[in-house]
Every structure is written in C-alpha cells, then in structure tokens.
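Novice: Here you go, one structure.
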Amino acid sequence: MIGGEVSIKNVSKFFDDFQVLKNVSLDIKKGEFFSILGPSGCGKTTLLRVIAGFEGVESGDVLLDGKSILNLPPNKRPVNIIFQNYALFPHLTVFENIAFPLKLKKLSENEINQRVNELLSLIRMEEHAQKMPSQLSGGQKQRVAIARALANEPRVLLLDEPLSALDAKLRQELLVELDNLHDRVGITFIYVTHDQAEAISVSDRVALMNEGEIVQVGTPYEVYESPVNVFAATFIGETNLMKAEVVEVEDEYYVVESPGIGQFRCYRDKEAKKGDRLLITLRPEKIRISRKQFRSEETFNVFHGVVDEEIYMGHQTKYFVRLDEGYIMKVYKQHARYILDEPIIKWEDEVFITWNPDDSFIVEVLEE
C-alpha cells in the first residue's frame, strides 16, 4: 500500500452560528503517523470528517497528493475512517466483515479470499475468521475494523479515537500494535485523540488543537519540550507556571523575580527587557529534590522548602513542595536503583530543590 500526502488549506466550518474550524491549515506527509490532539469540542473529529467527506466546509480546500478531493463524495475518496464504536456488522462473521467492501467492488471469490486471508494474517486473527463480532473482545473488534478499512487499500486511514472504549492496559497494548501495523502497511495514518500519552507515544508528528484552531505542530519531543503558549504547556503533561519580572538580562538567561519563589534564572528563548512581566514554565520532572543542600558551585536556582504532599505512583513519587516564600512547586522524582541509597523524602520533610536554567523558559510575555 502507498500512503497519500494530505494538505488542508484554510478550512473553515460552521454549525449554525458556531465556528467549529477556524481557518485550519495542515500538511501531512506521505506515510506519516500523524495525530490530532486536543480537548473535547476542539474540532478535531469535525476536521477528520471533513477529510473523509462526511462534512462540507464554508471555505478552504482538502488536497490529496496535490489534487483537491473536496467535491468528491466519501465513497470516491481513497480514504477510510474507523469510528470509536468500530461499526462492525453484527450478523456477519469476521471474514465476512472484512470481505464486505471487496464484494461491493465485485471482485472474484478467489481475489476476495486471498485479500481477506492476507488481512487476517496482518492482524494476527486467522483463527477467529468464522467468529461473530459478539464473540470478540474489544481489542479484537478494533483489529477487525482496521482490517476492513484496509481492504480497499486506501491511501489514508483516519482513526477517530478508536481506543477510547478500552481499559488502560489494553489501550496501551493495542497502541503498540497499531504503531507496528502502520510500519508494515506504509499508508498515512491520521489519528484523532484527546489522550496526550497516546499522541506522543506513537506519532511521527502531532497537531495540537484548541477551540477550532491549530495551536502547534511538531514532533512529540517538540510539542512537549518546547510548547508555544500556555495552553500547549498545560495540556500536554504537567507543568509549573510561574509569573515573574525580568530584573537582569544576561547573554543566555534572564534573571527574574517571581512572587512566592524569589530570584532565579530562566532560558532566554523570547525577547524581553528589564521590567517585563513573563509567564514561565518548568516541568516537574526537570527538578531535582534532596534532603541535603546542593553544592552552589554545581547548580543554579536552589530553593528551600517543606513537602506539603507526596503521592507514590510506583515508577515515581510526586512531591508538592511549599517554598519558603510560599509558592507550591510540583516535583516528580523517578525511582531508580541508583537513588535507592538516598534518604527517603516524606511528608513535612525539609528539602532543597534545583533545576537547570535551560529547563525553565518563557511561554508568554505578559502585557502591561
């Protein structure tokens, strides 16, 4: 199978007086696993339905390999979509469900049998060919829905939160399977989800949406490590947001004064001048925590505080540290063998925290 290149050009869509898509533009590469991530109601499913042909638009265009498909009906587009409920035919077997689109194309029985058997092998469900959908688990139904969607050899596969109805463990297992399947078939996957972990774990690139607009597009690393604004910083993962004022401008850093924290250095990634007010983000896992004082010659940004709350998560412990000047800093400490000999940090312990100035950076220069 060969993936298609999808271009969405300045697409706007209204439902009555409500604008659900606001001049949306995206370029999705051939064979890419591309995720559209955002909260409920942000327009991501509507955008998927526009690509599939189930929704019209007020303005803009949708192109596949450089040619507009906007005026093509859904059945004429080389695109298939998988919905949240999989939409399997309950009265047909697994084999018959996968064969259904091939029968509509009036292929010969030999061609249908060959293609369906190839797809059953691809999803590793040869032994379930004669089962009814009611006899399948949620994960098996999802695989059958994917196989049926691939039967017509689409250029693009659209997936509308296909794992949302599954439990967390199965969801993670099937996400890995989906990623492996994408690698094997080579077509373009466009995956819609509100789950940040899903999007950043399997995608080549991610588009972050909010209120009908594209906020940021980039690799999972880029959107997590370099969020472009407050929404991007807070929607993907957790963070500490700190208001601060620039008190000194250095070559690489700003020295800032933050209420409830004090003075610290942050990375100079946006232009600001002395006296400007900033909003700064710092991921909790970037912060080191210890009951011992850090050597000042080795680190910047050292603060003292008391553990207000601790939450043991298995792979890490989440600490909420009340600093001497009042700010409560979220600090996530990963568990590893090499730190087992360190004193265990508990509730009400006095602690020191520190972070590299490169890990705290500006998400917004606030207006006066």
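Every residue gets a Cβ built from N, Cα and C, even glycine.
Quick paste from Swiss-Prot:
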BINDING   Gly38, Pro39, Ser40, Gly41, Cys42, Gly43, Lys44, Thr45  ATP binding site
DOMAIN    6-236  domain 'ABC transporter'
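Are these features on the surface or tucked inside, and what touches them?
Specialist: Residues near Pro39 (ATP binding site) in space but far in sequence (CB under 8 A, at least 6 apart, same chain), listed by position: His194, Asn210, Phe235.
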Novice: Taking the Cβ of Cys42 (ATP binding site) as reference, which residues of that chain separated by at least 6 in sequence fall under 8 Å from it?
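Specialist: Once residues fewer than 6 apart are set aside, Cys42 (ATP binding site) is near Met209, Asn210, Glu211, Gly212.
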Novice: Name the secondary structure element type, per DSSP in three states, that contains Ser40 (ATP binding site).
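Specialist: DSSP call for Ser40 (ATP binding site): coil, neither helix nor strand.
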Novice: I want to check the contact list for Lys44 (ATP binding site): same chain, sequence separation of six or more, C-beta distance under 8 angstroms. What comes out?
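Specialist: Sequence-distant Cβ neighbours: Ile36, Leu37, Gly38, Val192, His194, Met209.
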Novice: Determine which residues of the same chain, besides Gly38, Pro39, Ser40, Gly41, Cys42, Gly43, Lys44, Thr45, have their CB within 8 A of the center of the CB atoms at the recorded ATP site, and list them by sequence.
Specialist: His194, Met209, Asn210
